[in-house]
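According to Swiss-Prot, the [4Fe-4S] cluster 1 binding site annotation covers CYS55, CYS60, CYS66, SER294, on the basis of sequence analysis. The [4Fe-4S] cluster 2 binding site feature in Swiss-Prot is assigned to CYS81, CYS85, CYS88. Look at Swiss-Prot and you will find 67-283 tagged as domain 'Radical SAM core', backed by sequence analysis.
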Amino acid sequence: MAELIPLNEVGVAQPASGAVNRPRRPEWLKARAPGGVNYHDVLRLMREKNLHTVCEEARCPNIGECWNHRTATFLLLGDICTRGCRYCAIGKGKPKPIDENEPERVAESVAHLKLKFAVLTSVNRDDVPDGGAHIFARTIELIRQKVPDCKVEVLIPDFDGNWDALATVLAAEPDVLNHNIETVPRLFRRFRPRAKFEQSIELLARARAARPKLVTKSGMMVGAGETNEEVYEVIDRLRSVDVNVLTIGQYLAPDASYWPVHRYVTPAEFAEFRSYALARGFTHVESGPLVRSSYNAHLHVGAAQH
């Protein structure tokens, strides 16, 4: 479920001859190298608290910009995922036992950074019955205790269709519930072998039914082999379950062993996706080459609330 955001050279599709085609990145895909006082302060705090961020684990190109604004997306439940999605840079394998003290450390970090908006995400934890949902809930509760004015977005996995786990997260009343659809149905099982497109749609529909005023959000990556028409179809499908906020960004492979980049989608096409989504009723759309789920997340909740 992690956002794929590599900083290194991307893997790209191989031509029929078998030679690896590695074109230079377009200018619009270049991000500023991370640095600055605030960046190093956030980095130090994460190390001191033994915390993980999706910013680092998924190699986000926006890490410098976000951390210099003293914002970060906290990665709960460790840094090892039980799934092997073909696009994701986060480590895979057998994770350590869940750290029940992690919510306290995250809440302390949110307070230290004086955040007004915190984003919580996680690896998949198919090795535990609730998928780690209780850690999401406890983290939300502790953030609210320590920083009452801080709004919280959760970017959750599918919990393998465990709707009781979803209910646990919803009961903690996050301000935004995000679950990324990631790609189009035709590519889904190859891109995300242990996930199901319709299950993700059902999760978003259940969240809306359980909490009608909740801001719901989803995102996808493009340039992975889909057609633009398929992107429009996914946009329509997400609106059919009343998703409020949509993010669309360029797929970039961590290295050549991952799912290949098939093409670089142009800024003009991203603008067309945004216009189409807004016309279909999304209240906030981020669509651009370097857009990732958590980018400008603090702007989404106000724009999207019913």
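Glycine is treated like the rest: Cβ placed from N, Cα and C.
Confidence for the domain 'Radical SAM core' (67-283), expressed as mean pLDDT, is 93.
Ranking the binding-site residues CYS81, CYS85, CYS88, SER294 by how many Cβ atoms sit within 10 Å of each one's Cβ puts SER294 at the top. Each residue contributes its Cα atom, and for CYS88 ([4Fe-4S] cluster 2 binding site) and SER294 ([4Fe-4S] cluster 1 binding site) those atoms are 16 Å apart. Here the CA atom of CYS81 ([4Fe-4S] cluster 2 binding site) lies 19 Å from the CA atom of SER294 ([4Fe-4S] cluster 1 binding site).
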